[in-house]
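Chemist: Dropping the structure in here first, questions after.
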Amino acid sequence: MGLFDFSVKELHDKLVKKEISPFDLVSESFNRIESVEDKVGSFITLNKEAAFGVAEELGDAGIDPNNMLAGLPIGIKDNIVTKNLRTTAASKILENFDPIYDATVVSKLKNAQTINIGKLNMDEFAMGSSTETSYFHKTHNPWDLSRVPGGSSGGSASAVAAGEVLFSLGSDTGGSIRQPAAFCGVVGMKPTYGRVSRFGLIAFASSLDQIGPITKNVEDNAYLLEAISGLDANDSTSINQPVERFSDSLTGDIKGLRIGVPKEYLAEGVDPGVKQAVLDALKTLEKLGATWDEVSLPHSEYGVASYYILASSEASSNLSRFDGVRYGYRSPNATTLEELYTKTRSEGFGDEVKRRIMLGTYALSSGYYDAYYKKAQQARTLIKQDFINVFENYDVIIGPSSPTTAFKIDGMINDPITMYSNDILTVPINLAGVPAISVPCGFSDGLPVGLQIIGNYFEESLLYKVAHAFEQETTFHKEKPNL
């Protein structure tokens with residue numbers, strides 16, 4: 001049994017009692033990375049020297065019994081800036097970017113005394129659902145190396161599933177934590193928009209992006225969200241909501257829970273194996289005293305279209321800062337200022353990023369703004385209202401995290417429309433801004449299936465309670481890929 005088979009709480013107790021040291025945990029991480037990283041490719045940059053340095057310091061000082069995450073190894077998605085540690089957003093344009101400050105979540109993790117093992121691979125600028133658009137390399141799913149780990153936080157999910165780190169941070173703009181968590185058989189939480197500071201997150205779509213934790217089990221996830229949540233003066237969209245002790249909500253008692261299951265989430269297009277795993281999960285929850293009814297989120301059908309217009313529009317604005325003048329890649333082939341802009345961006349951005357910038361710029365252009373951007377915003381309002389309506393009568397909404405299990409590498413990369421439409425079950429949650437968690441709920445043809453539990457605004461504690469109660473009745477989270 002490896003050290004990462006233990007939970008956060010178990011490892012914390014061992015550290016406090018000095019049965020193990022932070023150095024042991026960091027060694028476990030790098031030994032595992034040495035043995036499997038060539039196969040999975042979870043990381044872009046490793047932080048080996050600094051990680052061992054922090055581990056030695058913490059070992060010498062002793063672990064604070066009140067600091068649950070102290071001495072534990074974490075991986076951080078490479079769109080979250082880390083001071084003096086290369087941060088690339090998996091793009092050529094930021095290949096050698098060395099930030100001069102830490103993101104708020106990174107500062108919070110340092111205060112919690114976690115140890116950063118390195119920066120995790122992702123789709124370039126978080127644009128993708130497969131971690132195939134990274135400038136550096138593709139990440140492979142630990143359960144089947146011929147398949148994708150999901151995206152855009154594919155490295156964050158694969159590193160946890162492969163046992164390279166104990167837990168990780170990802171970001172979720174349209175499903176980028178939940179879908180890879182589902183594909184890799186781990187737990188991923190997208191918090192309520194504004195629950196976690198975005199300061200230091202390299203922006204894709206500012207009204208949709210949210211940072212969240214990826215872990216092996218629900219309890220670990222709750223501890224990590226406690227550490228990174230809270231109001232931040234540096235992020236005007238962060239919300240002044242008390243940081244709850246999410247870990248206190250894991251009582252296992254969900255008697256009387258009212259579940260809404262949207263008919264749109266189990267409709268045509270959802271793999272039969274995925275649908276069956278979700279129905280079996282609902283039976284498990286019924287045994288625990290919950291009830292469920294079929295409900296409708298009637299405007300879900302507009303989710304993907306409105307999401308791709310809005311997210312691409314925001315991206316075209318956000319990514320205009322990468323111009324070759326201030327930081328990042330600068331084309332050596334430019335002779336005029338105009339050439340500097342066009343060549344830097346043409347050479348520095350990958351195809352998918354360029355596709356979305358063009359789509360967004362088109363949607364925002366004067367002749368098309370009303371027809372596309374404005375209409376997408378109206379659809380977003382209707383989607384948000386759908387959730388509000390269901391939550392008047394139900395505590396949580398449940399469905400699959402993805403309509404399929406992990407697909408083959410190179411299987412969809414040249415078919416963007418199919419890839420985009422695969423986000424149908426996750427993007428409405430970002431458009432509405434509500435929280436959702438993906439937990440392992442079974443297997444289909446040997447590949448993990450994720451159960452998506454969606455809550456009302458700031459109801460993360462309830463999501464953890466439901467997810468934990470389900471997890472206690474099953475063993476899916478204990479299954480490990482055979483690498």
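Heads up, the Cβ atoms here are built off N, Cα and C, so glycines get one too.
Copied straight from Swiss-Prot:
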| type | residues | note |
| --- | --- | --- |
| ACT_SITE | Lys77 | active site, charge relay system |
| ACT_SITE | Ser152 | active site, charge relay system |
| ACT_SITE | Ser176 | active site, acyl-ester intermediate |
Chemist: Whole-number Å only: compute the distance from the Cα of Lys77 (active site, charge relay system) to the Cα of Ser176 (active site, acyl-ester intermediate).
Modeler: 11
Chemist: Between the Cα atoms of Ser152 (active site, charge relay system) and Ser176 (active site, acyl-ester intermediate), what distance do you get, rounded to the nearest Å?
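Modeler: So the Cα of Ser176 (active site, acyl-ester intermediate) lies 5 Å away from that of Ser152 (active site, charge relay system).
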Chemist: Using all protein chains shown, find which of the active-site residues Ser152, Ser176 scores highest when you count other CB atoms within 10 A of its CB.
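Modeler: By the 10 Å Cβ neighbour count, Ser176 comes out on top.
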Chemist: Mind giving me a neighbour count for Lys77 (active site, charge relay system)? Other Cβ atoms within 10 Å of its Cβ, every protein chain shown.
Modeler: 32
Chemist: Please state whether DSSP places Lys77 (active site, charge relay system) in a helix, a strand or coil.
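Modeler: DSSP assigns Lys77 (active site, charge relay system) to strand.
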